[in-house]
Amino acid sequence: MEINKFLAVVVAVVVLYSVEATAQGGNPQLTACLQKLLPCQPYIHSLNPPPPPSCCGPMKEIVEKDAPCLCIAFNNPEVLKALNLTKENALLLPKACGVNPDVSLCSKIATPSPIASPGSTNGTSSASTISFNRFSFLSAFVAMIFF
């Protein structure tokens with residue numbers, strides 16, 4: 001059982017670093033969106049067992065109230081590649097949660113280009129933000145797995 005927890009942590013860290021590297025392109029909306037969907041991480045590639053309410057609740061909320069959030073990830077080939085997903089595979093998880101996102105909205109919603117952070121004289125501002133984001137992702141996954 002302990003080896004399963006260890007493997008889950010390793011997989012989570014690899015996925016987080018992959019997604020974080022993509023999100024570091026400067027899109028804070030994408031980072032916030034992906035944080036809401038952290039409970040869905042174990043179900044990205046396997047829907048057996050079906051995703052629990054802890055995954056489906058945030059998924060339904062995002063589909064119903066924040067379509068641009070999903071569109072940012074759905075329209076970003078780098079995010080899909082980092083998660084080893086195709087657009088078709090990405091739609092399986094919401095469907096497993098009983099929601100059908102209207103992906104036609106994604107073609108109408110302009111996904112924001114990466115937002116450049118304001119320049120700083122010594123450059124430390126951006127680095128500390130990136131470190132904090134990576135730490136918050138990792139902390140959330142570790143807490144989710146062990147508690």
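Easy rule for this one: first residue shown is 1, then count along the chain.
Just so it is clear, glycine is given a Cβ too, placed from its N, Cα and C backbone atoms.
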Bond partner of Cys56 - disulfide, per Swiss-Prot - picked from Cys33, Cys97: Cys97
Cys40: disulphide-bonded cysteine as recorded in Swiss-Prot, out of Cys55, Cys69: Cys55
Separation of alpha carbons, Cys40 (disulfide bond) and Cys56 (disulfide bond) (Å): 8
Cys97 (disulfide bond) versus Cys40 (disulfide bond) - Cα distance in angstrom: 10
Structural state of Cys55 (disulfide bond), classified by DSSP into three states: helix
Cys97 (disulfide bond) versus Cys55 (disulfide bond) - Cα distance in angstrom: 8
